[in-house]
Amino acid sequence: MSFDLSVFSNKNIILAVTGGIAAYKSAILVRRLKDYGFNVRVVMTKGAQAFITPLTFQALSGNPVHTELLDPEAEAGMGHIELARWADLVLVAPASCDTIAKFAAGLADDLLSTLYLATKAPVWVAPAMNQQMWAAKATQRNLNTLVEDGVHVIMPEAGSQACGDVGLGRMPEPEVLAEQVKDYFHQAQRAIAEKFGLLAGKRVTITAGPTREAIDPVRYISNHSTGKMGFAIAAACYSAGAKVTLLAGPVSLDTPNGVKRINVSSALKMLDESMNQLEEGCDIFIATAAVADYRVAEVAEHKIKKSGDELNVSLIKNPDIVATIAQQEKRPFMVGFAAETRNVEEYAAGKLVAKKLDMIACNDVSRADIGFASDQNAMIVFFAEQYQMEKRDLEKASKQEIAQQLVEAIHDALHHEIEPV
Ligand code: C5P
């Protein structure tokens with residue numbers, strides 16, 4: 001699974017580190033949270049500073065570390081109330097017995113305990129301690145209080161401990177904690193997108209990448225399509241709240257988060273899967289695939305041997321997937337693509353009509369700076385006549401940004417009153 005780093009760049013995590021040997025894992029945790037794109041600020045208790053220095057966390061988080069409650073200089077920077085408001089999540093890892101007890105009692109005698117009372121953000125604690133301390137009645141009583149107060153407790157793991165004991169009390173690995181944080185925000189974003197996103201509740205099928213047409217068991221005909229544009233559109237549709245199925249030709253790209261991917265090879269297989277999607281229910285069909293126009297008439301059963309100076313392979317036309325789907329009775333909103341090297345607009349407008357599409361996005365692949373393998377693209381979008389919508393120029397931008405603008409164009413067309421023609 002790939003992850004778009006920009007996804008969480010507007011989310012703020014306070015990582016509170018308290019006194020315990022597991023504090024060394026928190027350094028890695030900062031890295032993993034940053035890897036997901038989160039903004040991280042670290043708060044340390046006195047106890048934590050006996051195990052690891054603030055400088056380590058400052059370097060890793062890229063932010064000053066907060067250690068004092070009543071330090072005028074620190075309060076002048078980002079005071080405790082401001083810090084409490086800044087946080088979208090407070091993660092206390094490791095959470096010592098002492099901190100858990102303070103939270104349960106509502107004490108406010110240091111920065112972290114004050115922050116706990118002052119924040120509206122969800123608070124998660126990852127207790128880490130000696131197994132006997134974990135099992136102690138007071139600790140369990142305090143943890144129950146925290147759960148009742150709405151705190152999310154991440155259960156410690158069992159195993160050998162730094163003190164030599166074996167039992168419950170080890171903090172989960174930083175990767176596991178970071179992933180839980182990512183999943184939490186991802187689910188929250190998804191819930192919002194499914195309700196309010198531009199494509200909320202829509203079922204979208206996207207074809208992407210090249211197709212591969214076999215000549216014999218070891219050889220094939222294909223093209224240079226990388227699938228990047230289709231994958232970016234799949235990610236953008238998902239972020240807009242759609243349920244997305246990606247029919248991917250052979251490409252080496254990670255599946256966008258949340259997207260269902262079905263790998264296909266030939267044009268015929270891609271068509272088969274497209275028809276299946278139609279059966280299952282599809283509201284929007286987006287054809288970005290560079291489908292091979294022809295396939296080999298008769299695929300050799302065995303590897304063709306070198307002989308003679310010439311080899312003739314006879315080709316027959318592949319079905320046009322997007323045009324076939326557009327002809328079906330229960331046809332979804334149809335989006336096609338056109339890659340041209342000349343007369344770009346004229347050819348694209350022609351395909352819009354010929355293939356009975358609702359919308360077509362075209363680009364000039366003769367431009368060296370955009371298209372195929374590039375990370376950037378520029379497009380012109382045309383809508384079918386009945387929409388009576390102006391064409392849109394999508395200026396050169398990253399494929400992610402272009403994908404977002406295409407989602408907006410689809411949304412606008414879907415909500416446009418159609419004029420009878
Ligand atoms: O005719 P041309 O290949 O330029 O049309 C491009 C559009 O048609 C793209 O949306 C492409 O995915 C789709 N197409 C298709 N099946 C084919 C050929 C093209 O779906 N066999």
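For all residues, glycine too, the Cβ spot is worked out from N, Cα and C.
Small disclaimer: the values here were computed from a predicted structure and weren't measured.
Cross-referencing Phe337, Phe383 against the CTP binding annotation in TrEMBL, which names Asp293, Lys303, Pro319, Asp320, Ile321, Val322, Lys351, Lys355, picks out Phe337. Here the C-alpha separation of Cys163 (active site, proton donor) and Lys355 (CTP binding site) works out to 71 Å. Per-residue confidence over the domain 'DNA/pantothenate metabolism flavoprotein C-terminal' (199-412) averages 94 (mean pLDDT, predicted model). The maximum pairwise C-alpha distance among Asp293, Lys303, Pro319, Asp320, Ile321, Val322, Phe337, Lys351, Lys355, the residues recorded as binding CTP, is 38 Å. Comparing Cβ neighbour counts within 10 Å across the recorded positions Cys163, Ile321, the minimum falls on Cys163.
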